[in-house]
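Participant: What Swiss-Prot shows for this protein is this:
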- C70, C72, C85, C88: Zn(2+) 1 binding site (BINDING)
- D460, D462, D464: Mg(2+) binding site (BINDING)
- C814, C889, C896, C899: Zn(2+) 2 binding site (BINDING)
- 1384-1399: compositional bias 'Polar residues' (COMPBIAS)
- 1384-1407: region 'Disordered' (REGION)
Amino acid sequence: MKDLLNLFNQQRQTLDFDAIKIGLASPALIRSWSFGEVKKPETINYRTFKPERDGLFCAAIFGPIKDYECLCGKYKRMKHRGVVCEKCGTEVTLAKVRRERMGSIELASPVAHIWFLKSLPSRIGLMLDMTLRDIERVLYFEAYVVTEPGLTPLERRQLLTEEQYLQARQEHADDFDATMGAEAVYELLRMIDLQSEMARLREEIVVTGSETKLKRLTKRIKLIEAFIESGNRPEWMILTVLPVLPPDLRPLVPLDGGRFATSDLNDLYRRVINRNNRLCRLLELSAPDIIVRNEKRMLQESVDALLDNGRRGRAITGTNKRPLKSLADMIKGKQGRFRQNLLGKRVDYSARSVIIVGPNLRLHQCGLPKKMALELFKPFVFAKLQRRGLATTIKAAKKLVEREEAEVWDILEEVISEHPVVLNRAPTLHRQGIQAFEPVLIEGKAIQLHPLVCTAFNADFDGDQMAVHVPLSLEAQLEARALMMSTNNILSPANGEPIIVPSQDVVLGLYYMSRALENKKGEGMVFANTSELKRAYDNSVVELHAKVKVRITEIETDDRGLRSKASLIVDTTVGRALLSEILPEGLPFVLVNTEMTKKNISRLINSSYRMLGLKDTVVFADKLMYTGYAYATRAGVSICIDDMLIPIEKKEILGEAEQEVLEIQEQYQSGLVTAGERYNKVVDIWSRTNERIAKAMMDTIGTEKVVNTDGEIVDQKSMNSLYIMADSGARGSPQQIRQLAAMRGLMVRPDGSIIETPIKANFREGLSVQEYFNSTHGARKGLADTALKTANSGYLTRRLVDVTQDLCVVQLDCGTAGGLTMTPIVEGGDVVEPLKDRVLGRVVAEDVFLPGNDDEPIVTRSTLLDEQWVAKLEEAGVQSVKVRSPITCESPFGVCALCYGRDLARGHLVNMGEAVGVIAAQSIGEPGTQLTMRTFHIGGTALSAAAVDNITVKTSGSVKFTNLKYVEHVNGTLVAVSRSGEISVLDTHGRERERYKLPYGATINVKDMAEVKSGQILANWDPHNHPIVSEVAGFVRFIDFVDGVTVIEKTDDLTGLSSREIADLKRRGSQGKDLRPLVRIVDKKGNDLTIPGTDLSAQYLLPPRSIVNLQDGAPVGIGDVVAKIPQEASKTRDITGGLPRVADLFEARRPKDPAILAERSGVISFGKDTKGKQRLIIKDADGSEHEELIPKYRQIIVFEGEHVTKGETIVDGEPSPQDILRLLGIEPLAAYLVKEIQDVYRLQGVKINDKHIEVITRQMLRKVEIVDQGNSKFLNGEQVERQRVIDENAKLIARNELPAKYNPVLLGITKASLATESFISAASFQETTRVLTEAAVRGTRDNLRGLKENVIVGRLIPAGTGQRYHSQRRYSSVGLTQSEMETLVGRSTSSGTEVTSPSKDAIPLGG
């Protein structure tokens, strides 16, 4: 018996391994795999259905068809195990060996492996230093190649045509060898001596001068080095023996009706065997050369088709005209082995059904239909029935269950109690799409889902379906309960805000009960406590919305954590007081003593979680939901057409707008405005009008006049059903109500431009035919967009997951001093994101001091900033904090807990092993479908605002200038002459309240540090023109002004004033080519003046289309406008918005016309122009010059004599992220990416924490480029994983040798995923063939560090609970005990860093 058990065990064992290596298979290796040679193309005998001997399904080679039974039936049963039948040659063993035993085909002539030939760059070509075309001509028998020149003048690897070959044979007889076909290539590859070739190339690379040659040599050196290191031989890229896949992996299945379904591979193998056998015969018969050659070529083609059909020439098709699936097709693409069977598998013990709402469930429960539960938990029920003695065998138990006896249901109840199930809704865009619940048995066939988790699943009840899975093992159940339970997923991992938030009906009910109305029954009554009030309400003494006074008892917690009771009488309403009854102890009544809109409810749940913890919050959320439903039912809110009130002012406002449009039309016809300006102005007018009508409508709907208790008529918020729904955040938005009751507004054409005639009607009035067609235009575009968006968004998520999948938290502290400096984000003067939101949950990198006081730090280094710390920082008026960031983390693989900071979904420091990469990818990808696909024209979008032309202060305080260069005008105002200047407004504590960018040429009405009042105008400028300002006083001198050539004189009809416009380059003709019109400022005697602080003369180059209003010789003062450039033209640039913009940023694509940044700091001057380019020179402090040639059509935004700093924009445009990295470094790049990506999401109202974007940026910066190889083995210009260079340099420094120098490189997410160290992960992402070819040549070893690789090889992932398993495996193989291991892994904090946090629950370190 013992032997029998051992026998079963030895077949179950799996290999334990730490890495996977891939390489080229030598012919000897292929033969060692083989269990016999396949000699015939036959598959099975059509009469007996038994495999043919020596055929593709031969039992003698591949093993028996039935377990322990030979083919002829002589040996049966297990007792003959291992016997080889002498009659049919089959070994008696398990049939499943037919899945693992390989065969082989001995090829009559060598054949090139198509992957190493055609997968670019061609490895065979690189190895032989021949072009792919030449090698193909040799392989496919079109040319000879010299393999051994002997003493003849021919050269090795020289190609000869048929004629040249015959001529050479006549001249030199047998002194040389030249052949064609794969034999020739095989010979050439076999002759290569890798070591000496390597030495020769290394010598050559030093002396070579040409750039292209250098590239080619570097590639060859890398390739040959790879061959030497991996132990591969070049001639193995040519096949002399072909392996045959085990037959059960290319099955032949009988269908009913006597036909067979077969795998395409069998057809492909059959062709190879047929041609190979035919070739053998021809060679035996020594047939004419031309026939043999043709047969060899056909053999080569059939092997090509088997390995990768369609890679060369036309794909071989089967009977039904579709290309046959070759071995390469089996592994690549969505249906390939990687993505279909290894990364995504079907799961047993699962069910799916429609979902319905379960308003009486608790948060941790879901309703499971009885039938479904019985099917899912069948094995458990069988076992219990047997254990109870209700059934003797499994069969009997099965009968009981099928009859659905009464006791079965009782046992099912017991089985499912405390056994969580996992619910999943597709598409699973983030980890909240799979959560665990405790099942409750229900009648019917639909699954009941708790309403509060709908947001997380993005589920609604209009026919959505969900899948149920049963965690079977104890560990799985434990993880489902501890980590995946819906009650543990209250906060969203994307932004740390509650995701379990009531919506729709619940919000409506809570909002309805918390509204206060004037003059309701019982107003002014005073109650001793809430229960007294409840009695009064139940007896209809007071109404729900009446304003009353109630005594509330609260429990307060002081700083030391002591709790005390406090009573206070509050002004509130009946509804709010009733709501306070469900408040958990410890939450202040203030939180519900307000209108419970969706925002406030979210804030309430958030406060509850932070103050009271998880358990109380879950119970509270449930109570809120029940209450909300109850009062929504009582409210009985419904909408009807009378709720859509059209404002009386609408007619009047429309009349005014139409009048304005007419005026502009007249101006256009008399030529005062251009077509573009007219369009922009009309769109502007209608946008403004729409806003005005919408505001009037919201005022009409949202307020009503009522009589209060004193008999006065007052305004109060109305109880209009439509308004209630929008105001509470339950359903609908002002945008939608505006279309129902105000006006539909401007519509968008499919290309994103705006139709200038708006829809003046609303849906209540109804649209006219023309209006209806205008509106269908935009609506159809919307639907088409949605379909595209879903696919694009899914693909973005896939790329993001792929690039970050191997990033986990690996240690507590990497000990780095680096970090990013965080400041509030200000746009258009408003603080869009205050500092507190940006630093919350981050770890401080440097001590933070009070502004202007460097003695006592407020917050010390390595403190995790939680809500209390952030409040302290805000109180102190701190404006910038340096925090640790994943980008600057120095952990070798992964990130450390302190650089990452708080786990947003849990609210404490992140645990060891958390897969922060995948979380980041999901958080960014999940809202992808909410983003638009639009490109915006800055002409004004359907929601455009009018152009800004001044800065008006919103808060009182003092003014502070930063980076601002200005000159003082004669009249005392200041004129800005810098581009990056900013004005901030500080409050009394020195905290920045507003910040504005100042354009060049703006007039500033205040001095630095002056006091300002709110509403005061600080600065103004002309939004439609870009001025050129003189920095010195003197007289104007025109240079190169030639009438009719470089300038066009224009006289204004109305005013009679003349101005000169600089002519466009195209209009100048030949004599104006080299003229450069400029204005120079001179003194009385006509000598050039210089710009203060430089030795450059004060002259201003005038770009085309600029307008000069001065006359030659006119006096100018400091700060006067010399010329102005109309802004109209440069503004039509499209802004890519939405999803495409996010994808462009993550792919690190260069914009079309990128901004040109200053390569160094210095003073600007202009040199001689070339044909289509302008020459701009930057002269730095030590006098060296840098030249930049800029196309004439680009707008240079700097002037002669201006001082620029390195990395500043000198030519307008979108900056390229690569330039920012190169000139400014990693921190500004990170800031740029975070800002740009956040702008897109913020526009859609999506909140994502910065750290997710930083995590992805870290992965984009994984590689570095070697600038100077030093004594390392890297090559100049090579891109290497940063960690490899750091390790290599450490070794070099230890040996006192020169380390390699390198620069960081920014890779797009697709490139970064393919350039990962793991070839398994890269191959399963994209370009499978290329990745595997490259890896095989290099003999790459995959250390299985990431998540994907481990899923593919079928192990636990090295993240979360799997991380302990992996570290235990690693240490037990070295022979360490558990306790030794824990000291190594770092239960203690490493590098002596303490993590401090003032919250009452301490942070669990190390998980």
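Just so you know, glycine gets a Cβ as well, placed from its N, Cα and C.
A quick note: this is a predicted structure, and the numbers were derived from the prediction, not measured.
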Participant: Just give me the nearest neighbour of C899 (Zn(2+) 2 binding site) among the binding-site residues C70, C72, C85, D462, Cα to Cα.
Facilitator: D462
Participant: Report the nearest neighbour of D460 (Mg(2+) binding site) in space among the binding-site residues C70, C85, C88, C814, C889, comparing Cα positions.
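Facilitator: Answer for the nearest of the binding-site residues: C889.
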Participant: Least buried of the binding-site residues C72, C85, C899, going by other Cβ atoms within 10 Å?
Facilitator: C72
Participant: In angstrom units, rounded to an integer, how far apart are the Cα atoms of C72 (Zn(2+) 1 binding site) and D464 (Mg(2+) binding site)?
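Facilitator: Answer for this pair: 56 Å between alpha carbons.
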Participant: Tell me which of the binding-site residues D462, D464, C814, C889, C896 ends up closest to C85 (Zn(2+) 1 binding site) in space, Cα to Cα.
Facilitator: D464
Participant: With D462 (Mg(2+) binding site) as the reference Cα, tell me which of the binding-site residues C70, C88, C814, C889, C896 is the closest one.
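Facilitator: Result: the closest of the binding-site residues to D462 (Mg(2+) binding site) is C896.
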Participant: Quick check for the class: what is the C-alpha distance, in angstrom and rounded, between C70 (Zn(2+) 1 binding site) and D464 (Mg(2+) binding site)?
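Facilitator: About 53 Å separate the Cα atoms of these two residues.
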Participant: 10 Å Cβ neighbour count around C70 (Zn(2+) 1 binding site)?
Facilitator: 25
Participant: Which residues does C896 (Zn(2+) 2 binding site) neighbour through Cβ under 8 Å, counting only same-chain ones at least six apart?
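Facilitator: V809, V810, Q811, L812, D813, C814, C889, E890 - these are the non-local Cβ neighbours of C896 (Zn(2+) 2 binding site), listed in sequence order.
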Participant: Other than D460, D462, D464 themselves, what residues in this chain have Cβ atoms within 8 Å of the centroid of the Mg(2+) site's Cβ atoms?
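Facilitator: Apart from the listed residues, the neighbours are I355, A459, F461, G463.
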Participant: Around C88 (Zn(2+) 1 binding site), how many other CB atoms lie within 10 A of its CB?
Facilitator: 18
Participant: What does DSSP say about C899 (Zn(2+) 2 binding site): helix, strand or coil?
Facilitator: helix
Participant: Have a look at the binding-site residues (C814, C889) and report the one with the fewest Cβ neighbours inside 10 Å.
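Facilitator: It is C814 that, of the binding-site residues C814, C889, has the fewest other Cβ atoms within 10 Å.
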Participant: Fewest neighbouring Cβ atoms within 10 Å: which of the binding-site residues D462, D464?
Facilitator: D462
Participant: Measuring Cα to Cα, how far is D464 (Mg(2+) binding site) from C88 (Zn(2+) 1 binding site) in Å?
Facilitator: 58
Participant: With every protein chain in view, how many other Cβ atoms are within 10 Å of the Cβ of D460 (Mg(2+) binding site)?
Facilitator: 11
Participant: Which three-state DSSP class does C88 (Zn(2+) 1 binding site) fall into?
Facilitator: coil
Participant: With a radius of 8 angstroms around the mean position of the C-beta atoms of C814, C889, C896, C899, what other residues of the same chain does the Zn(2+) 2 site pick up?
Facilitator: Q811, D813, T816, R884, P886, T888, E890, S891, V895, A897, L898, Y900
